[in-house]
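Undergrad: So TrEMBL lists the following for this protein:
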- 42-144: domain 'TMEM205-like' (DOMAIN)
- 1-26: signal peptide (SIGNAL)
- 36-61: transmembrane segment (TRANSMEM)
- 81-100: transmembrane segment (TRANSMEM)
- 112-132: transmembrane segment (TRANSMEM)
- 183-203: transmembrane segment (TRANSMEM)
Amino acid sequence: MGWMTRFLTAIAFLAVGVIFSPETFGSKSAKITTFVRLAHLLCFSTAWGAALWVTFIGGIIMFKNLPRHQFGNLQSKMFPAYFMMVGICCAVSVGCFGYTHPWKSSATAEKYQLGFLVAAFVFNLTNLFVFTPMTIEMMKQRHKIERESNIGEEVGWTKNQEVAKVNPKLASMNKKFGMIHGLSSLANIMSFGSLAMHSWYLAGKLDL
């Protein structure tokens, strides 16, 4: 994850520079402005679409149809990539929006929108570097306990809940996992909500 950290840090610093000193990056010609707007729309729509699918559709379908350990192992590979992609898209959107709406001259509405985009970026970074690694580690520990009880290859939570009633170790791990997973889910929902607020703003700017 070292290269990922450096890459996201570089993008974040670039975005901050664009927000507070857009003139450093050259004059705003019509072609450059159009390109920046296109980059903003593509990156925002990618982040928004990915968040919608993963949060409300893909994850639920996989949970209802895959054996639980297989589902968990798949999620442990998918979520770091998901949070990295959405984080990069949010960072690019922040930079592009900051370029077309400089902080010093922006209206209050645009400053709020920039805040929503920055919030989405921060929530994704928090998930990528804090909650997801913790969740994956706890998931592996719980899988180990479950394999000792010969469960985990079924679909759904029923057997886990039954065994946890007579296995204090599994019950304790379920509680810890649930807390960290809940924080990760909350950060993801907050990111999604921030992107939703920006989608409402963009919809208000359309003239169809």
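Every residue gets a Cβ built from N, Cα and C, even glycine.
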Undergrad: Can you tell me which parts of the same chain pack against the transmembrane segment (36-61), counting only residues 6+ beyond its ends and a CB-CB cutoff under 8 A?
TA: 75, 78, 82, 85-86, 88-90, 92-93, 96-97, 99-100, 117, 120, 188-189, 191-192, 195-196, 198-199, 202
Undergrad: So which residues does the transmembrane segment (112-132) touch in its own chain, when a touch means Cβ under 8 Å and the partner is 6 or more beyond its ends?
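TA: Sequence-distant neighbours of the transmembrane segment (112-132): 1, 4-5, 8, 12, 15, 19, 44, 47, 79-80, 83-84, 86-87, 90-91, 93-94, 97-98, 101, 103, 106, 180, 183-184, 187-188, 190-191, 194-195, 197-198, 201.
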Undergrad: Averaging the per-residue pLDDT over the domain 'TMEM205-like' (42-144), what integer do you get?
TA: 94
